[in-house]
Ligand SMILES: Nc1ncnc2c1ncn2[C@@H]1O[C@H](COP(=O)(O)OP(=O)(O)OP(=O)(O)O)[C@@H](O)[C@H]1O
Ligand SMILES: [Mg+2]
């Protein structure tokens, strides 16, 4: 199939990523709504607070005098309680004052004040006492004192408590009381009740004015909060995608790095948000866990909030501050944003409303308290902020891409510090990351791997064959993958905990691997957990770098960036752990990866449909991946691996977690898929390996331990052939009374026959059958032996004889055991063996035959031995499952690990370590 390339592929990938992001946003409705509407809610709150707090005054050029100021009804005062009084007064007892107060009530302009709306007291203290006991019942009080016939003094007391901004207490309550008292006192003293006392009050002429309250200080933080919501969410989703290795999966399918970056960036279009987005992208390169991203996001918000406050107070955008400080300050986008808002606020509070227009963006705003403008203190205009924001956007974006490349990804992979100097990178062919480990780590300090010659003849032969091809420069036409001395070392890591620093040593995950994977064949990689299977796959797919050696896939080297970008076009990978978006459906996953792979757009729908059919996922094609069962997810991952008809399919434990029916179905698909392509499969199911594989390689501890067809491995590493002899039992009701004796005789005869000819005892024995394990070295005797047994079937009372090879499971266990023994011997890892007799001693993990310490006696001068049986626990570690009866040690038995190097590492203190005996003598003696 012809895949898209170059620009059309890049554009196809953009579209697919946009669609993916759109679908994710649509599916995660809650978070998208919060993300979208948070900004609206903030701006709405801001609008409300502005409405409530703003006071505006229209322009007044010819102010008119106000002349009539009546005492208003008490109910007009805000928050007054009923019944209320228009005013209260003191001085009761003086006839003159009584007359004055009556005149005040009767001559109130426009409204006569009723009697019940006025309260009289004798003294000022009485008034104060009443006011204290009756709060909010009266807006004002008048106090009169007749000093002599020509002097009457008065005092005005008003409730000046500010309840709302809109209530003008002075003009509404204080001045009317004052004017009424003065008027009536004057009339009383003059003795003319109609004496005119007109006072006019006139405001200044002024332009239109708008006054802001202290709430205005909250405007920049509100905008910042609105913008920061997007920032925190975006950073969260970037880190989550990284954490779930989704990005790695897309890269594996050939996604261009640049497509990924721009798809994210174009989601937001406001300048500040774009700025914060690139800032988020830059920060996300340092964060591995999505849980930390939210914390960091909010920390940035808090820091932004504080620096914004500082900016509002004029730092550093004023003349007195050094240029350096201003530049440093401007790198943090919220500071520029704060300055822009500060400028806009200053400009909008100007009555002339200049400085907001686009044409005036480069002018300094004129504030009402700086009128005429004093440009000395204006060091950054809106235009300057725009330019800074545009520059910092590019700066953060470039830094984000740079850090993304040089900081190790989830597989510890990164590009060199000066990768951008490599022209290949700019040709779009430097997609794979090259170096390993921390930027400050030096991989050269890792210990070199010692070269070990394989002890298995088949592995040695494969190695020599591949080495010879490599030396002669032969490109084997039958080989799909050629692995040449591959070494993968995970560098030492420094883990900083809360109280201490832990250094993990470098780890050789693959140790000098030489192997070919043949075209049109399925190569099955087996091995216990941690053997290095996934690491090989990671090296082949470019997820991990290779430390030494090389691997070529259809002639393209994984160490070469051009080779790697070619490889990505024709490989399909089903990773060990499903890398799927919970919110996308199976069908959408297939479409997305088909687009990333560059399949012709018009064929994608059909291909997705066929793959869903093939994987029996059609019914749940539109269901979200989060609702899929474990097995369904595996099938979807497998389907993704088959997109684009890849020439090499790599399946890392594809059937893990599947039910037997699905598993068999997937086996059929794999069997089908074998035609015309190479498949590398890892599995922990020996049955699967047995059925599907053309060739099997068993790994342990980073080395290939054996290689060959299933039959070859069974015959070489199994304990031999298993012979099952079943005996005929008479169904006749009138069976002879001595039948048991007859059976015993038959059993005895067969046992003797096996002992005599093959020198073996039965492994399992019961009334109906005997099971013998025949070691391989007796293979040559088998033909005559079974011929004779067949002839004497009747004589021995044999009903049937079955012979089979031992299982792959046993081969696997033997190899794992051997590898464990090797490493236990090397590392000196010990475990305690307690015999049924109660004796306890230490043995190296994995040892088969051990001499019981201090068991020498006159009867057994060489001591006693036991055979230890091992199985593996869930973690793949060997554990003791039992032991044989105690038997004498033959005099010619060789010791492999002697008890001299005892009590190392995990050994239990006080226990003696047993000597391990070479099991090869078993074949000679048993
Ligand atoms: N990023 C890493 N850093 C350090 N060590 C690692 C890293 N990845 C893997 N390893 C180590 O490399 C060894 C091989 O791991 P790998 O995943 O290849 O095993 P595997 O054979 O696939 O095992 P399994 O059957 O459990 O999948 C393990 O001991 C593992 O701890
Ligand atoms: Mg694995």
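Quick reminder: no glycine exception, Cβ is built from N, Cα and C everywhere.
Note that this is a predicted model, so its numbers are computed, not measured.
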According to TrEMBL, transmembrane segment applies to one of these ranges: 148-168, 169-189, 190-210, 295-315. Which one is it?
295-315
Do you know which of 347-365, 366-384, 385-403 TrEMBL annotates as transmembrane segment?
385-403
Candidate ranges 109-133, 259-283, 409-433, 434-458; TrEMBL annotation transmembrane segment resolves to 259-283
Annotated stretch (transmembrane segment, per TrEMBL) among the listed ranges 42-63, 64-85, 86-107, 218-239
218-239
